[in-house]
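*Asks:* I grabbed these lines from Swiss-Prot:
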DOMAIN    44-225  domain 'Rab-GAP TBC'
MOD_RES   Ser300  phosphoserine
DOMAIN    334-446  domain 'Rhodanese'
MOD_RES   Ser469  phosphoserine
MOD_RES   Ser474  phosphoserine
MOD_RES   Ser507  phosphoserine
REGION    514-558  region 'May mediate the interaction with C17orf75, FAM91A1 and WDR11'
REGION    514-684  region 'May mediate the interaction with WASHC1'
MOD_RES   Thr514  phosphothreonine
MOD_RES   Ser556  phosphoserine
REGION    559-684  region 'May mediate the interaction with FKBP15 and WASHC2'
Amino acid sequence: MAEGEELLPLSTSGGDSWEKDLEEALEAGGCDLETLRNIIQGRPLPAELRAKVWKIALNVAGKGDSLASWDGILDLPEQNTIHKDCLEFIEQLSVPEEKAAELLLDIESVITFYCKSRSVKYSTSLSWIHLLKPLICLQLPRSDLYNCFYAVMNKYIPRDCSLKGRPFHLFRLLIQYHEPELCSFLDTKKITPDSYALNWLGSLFAHYCSTEVTQAIWDGYLQQADPFFIYFLMLIILVNTKEVILAQESDSKEEVIRFLESTPASLNLEDIEDLFSLAQYYCSKTPASFRKDNHHLFGSTLLGIKDDEADLSQALCLAVSVSEILQANQLQGEGVRFFVVDCRPAEQYNAGHLATAFHLDSDLMLQNPSEFAQSVKSLLEAQKQSIESGSIAGGEHLCFMGSGREEEDMYMNMVLAHFLQKNKEYVSIASGGFMALQQHLADINVEGPESGYGHWIASTSGSRGSISSVDGESCNGSNDRGMKSLVSKMTVALKTKSVTVREKVISFIENSSTPVDRHVSSSDRVGKPYRGVKPVFSIGDEEEYDTDEIDSSSMSDDDRKEVVNIQTWINKPDIKHHFPCKEVKESGHMFPSHLLVTATHMYCLREILSRKGLAYIQSRQALNSVVKITSKKKHPELITFKYGNSSASGIEILAIERYLIPNAGDATRAIKQQIMKVLDALES
């Protein structure tokens, strides 16, 4: 997540006018989370309005009584344990005697019905009692209490939240990515995250923090509406106590665990603003694959987790998808950028490689340790210089790429371990290696190198005929040729055993140019024609419409003029999906764009090529207005969206938009699923 409008400082300034606005918005009804966020802007919530805000944030406002159909019988095998835990909890709350019995029945009923409806066995270790504490303080009726509890469990408590569970293996990888020294210290003591953070995650800090602090954390967390954000809050708690933890080298494992487990208890209300600001910063420095590859941990899903993906306990480090690697280094300004290190043998690298990748032959680690050490030194210097010079190959984040074949990547894993032992932060591995890169480029390739994707692969051996050796001299401008020349020189330099290898590599990086604007005349500004397709697009056998006329009338002048920061919009908490694409006009011209999907709308941001990192809001369409999504057999990546109204008399088309979307199948599937959710919500 990036800084900006998605999470503003938790300040108390601004008088009480915003509180009146919030109260009026809540009283008016029909208020959504985005409206609330715009009013609240990260400020502490008034206690009397918290219940209404949380219900909207949890999407249970106006929801019916889920317990209405239940007979109310408390007869689970573990009922005595449930009753005992609830009774102890009520005693801790110091509830007036006349209300205690009713509250006890509410809590016991909520837990019992949840267990019955979800076929879950209760145990004290689950932290459910603590999770209910901040909700009980809202003094909700039983039906709302259950709905809120269910929503929190469903959206914010990850699957397998148990000892040795997958969520904690993932947390260890996040710690290692940002704080390798701390991770190494805990690993040495054989302290795993589940041993101290089980109740952090299982209760969303309610187990250890005071009610006031817990409510303040939940105020921000529920408005953030990002279940993964809890990982960064947990990370900051560790980071803030890092020096104390590292000083406990002589303490026993049990003593360190006890200290770690209780650290959230020291939080007070004044700490919350800094906690969220720091979490936001670390969040912005984390690859998007951290979320995307583990999205199934949260929410309702019928999809199983593949065995080979599930064992994060065996992962060397955080994995990053090849699609993110390609997209990240096209970003301008803020955001995660990767310095890709290709660890395959020289002959494989020469046959074909990612054009921006630095070659580090992992075989050297055993065959020639001194040359390997020199190459590593050169690599780190080259990374530094590439960042300073603004090279498109530059990035703070080291991503190692192997072949994708386990037996061949053994040496690369040793290289990875070497960097991790040196406590190098921001170390990741490319998921699936070069094989996955080849497959991804094949999937998004439209019509060979001329489509604009061929420039991603470079070759230093002159071989041709497969995607691993796509012609490097595609017509992508002088800076692409310069990039390939740079990679070739780096490869030759790294093969040289001369002591001057470091200086050579650095000079090559320094002499590389940053991407330049390709507009050379006013005629170029209308976009690049989509090759191989006639100016008038027909999708399958669909009827044609005068889309230029529709396009020009489908948005206001104000919309067309609004300029936004692309990365800020992509990282908004309500953005569920982001698809880099090209908007295709009837003239055949294409414009680099981004499709962003929220719970209810789809936005098209068209890049402003003369203002890097900025875009116009080209269109904003309600998902429930999509009446048809079609593609062409010869060009399945070319997707047409038709918007309008459906009625008994037929479909009235009001707007048509066409996009060239890499991995179009994934994009349309995600959009269709979101449309169905909108329609289901409207029907209910």
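Yeah, the Cβs are placed from backbone N, Cα and C, and that goes for glycine too.
Distances, neighbours, how buried they are, the whole picture for these features please.
*Replies:* In the predicted model, the region 'May mediate the interaction with C17orf75, FAM91A1 and WDR11' (514-558) shows an average pLDDT of 35.
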*Asks:* When DSSP states are grouped into helix, strand and coil, how many residues of the domain 'Rhodanese' (334-446) land in each?
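*Replies:* Reading the DSSP string over the domain 'Rhodanese' (334-446) gives 55 helix, 18 strand, 40 coil.
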*Asks:* Do you know the DSSP helix, strand and coil residue counts for the region 'May mediate the interaction with FKBP15 and WASHC2' (559-684)?
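*Replies:* Tallying H, G and I as helix, E and B as strand, the rest coil: 31 helix, 63 strand, 32 coil.
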